[in-house]
């Protein structure tokens, strides 16, 4: 399953899943101003519902005796355990990749570095060469490229199958989709283990085929979206935000525990935490089997009323939606004309993206999401950078980086809420509106990220490195502020389309960021130690451009007053 991205060095899958959980959580929290969360993932709304109050059935699915609090606790425990399994294996996995490439490199260039011959060396070539000999540029470049392209391939199923699996979750239920996702993750890690175990028989690049797990479940974004929807199904307006906060916190706590635990176990043998992740994933599957289906669950306090519906600005599209929502026993005519189909798709695209053309600020507000997802590729080489730059083991580098994971929890739970309170308090000298507060914090976060990433590339000691990464960590939450702001300036009937657009932007940026930053790292280590920080300088430059774009965004006259009301905006 995968959050706005934290500045630590975690596995590709955990990084994406984590980015998804917090991102979707904040999306859903923002939507609470506009929509009732009992709506499905992909909904159709008939204009006939205007002015009506619809009482949802007060039933639970399949006669389940689970109360909402029990289900939330079970989901929180499951997500936390899954995160532990995901994070505990990242550094050991990367160390095994490095060991294989290292053995193959020195076997060809200087066999005297080989400690154990091929006939006796163990799985993953662990112990075949001293780890200190594995920090040469060629080996580090190969590891970065392997991991960078893994991000790209993992993103393809997400891009292609997000919508179909979302529809499926609304038809057959949430539980089957999440269960498929858990099983697919187990298959993914098992395939990687198989290739690394039999590294002498198979090319290591075959681990890329693990991306096919997304064909089973739609990969991290889909699984995370359905998991968040499951929680939305059993919460109401008064408990939803708190529930998401606890879910995100339980997820992040494991990012503080998992990497150090994995680093400790890999001092014994990297295969121990690598295999332990499979055991944990299996346990998650068994645990999730206890979670009831929530598709038809109705919280007693949930009610869909006229205030949750608005007239469609395009009557013809509304009529089409109403007709589509009404069962029809006669088969619909199917046009085989390619020009007709193309014209229909073009009209649909223009209609769904109309809000982008009516407010020039919205494209600028998409920039933080692009920068955040590009940083996934940068964070992918962060562990290698620390290990190579300071000549330390992966295990020790992981311990240093994990310091920022603990700070993230404080940033999310204390720093941003406190800053928001100070900025909006009527008794403070700022007394900003909610919109201005979101914009101010988003701008500050982008600047901190810019300074932090540039400083990371120039560090020459471990204390400097940790300090620079703490600056990056302080920017964590900036995209949530940008998301909250952009949600407040669009019309409420454009919110779902906005979030869909953000998801697409996230996936495309993530897919491009992995290979791009891996290429920059390869060039940088090849050019010499002075250029080792190239990926981080580029990432800092990206955030500088984003910060400039954020300063080009203004709160328009009248929006602050509307922001305290319905929040229907977006007109030029």
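Each Cβ is built from the backbone N, Cα and C atoms, and glycine gets one as well.
Looking at the stretches 4-25, 26-47, the one that TrEMBL records under the feature region 'Disordered' is 26-47. Here the transmembrane segment (440-459) sits apart from the transmembrane segment (498-518); fewer than 3 CB pairs are under 8 Å, leaving out pairs fewer than 6 apart in sequence. The stretch in 177-200, 243-265, 364-386, 392-419, 530-553 that contributes the largest number of Cβ pairs under 8 Å to the transmembrane segment (498-518) is 364-386. Note: the stretches the transmembrane segment (392-419) and the transmembrane segment (243-265) are in contact (3+ CB pairs below 8 A, sequence gap of 6 or more).
Here the transmembrane segment (465-486) has long-range neighbours at 4, 6-8, 22-23, 26-27, 30, 361-362, 365-366, 368-369, 372, 382, 386, 389-390, 400-401, 403-404, 407-408, 411-412, 415-416, 435, 438-439, 441-442, 444-446, 448-449, 451-453, 455-456, 458-459, 498, 502, 543, 550, 553, meaning same-chain residues at least 6 beyond its ends whose C-beta is under 8 angstroms from one of its own. With a threshold of 8 Å between CB atoms, the same-chain residues lying at least 6 positions outside the transmembrane segment (364-386) that come near it are 4-5, 7-10, 12, 15-16, 19, 91, 94, 140, 143-144, 147-148, 151, 392, 394, 397-398, 400-401, 442, 446, 449, 453, 456, 462, 465, 469, 478-479, 482-483, 485-486, 501-502, 505-507, 509-510, 512-518, 521, 532-533, 535-536, 538-539, 542-543, 545-546, 549-550, 552-553.
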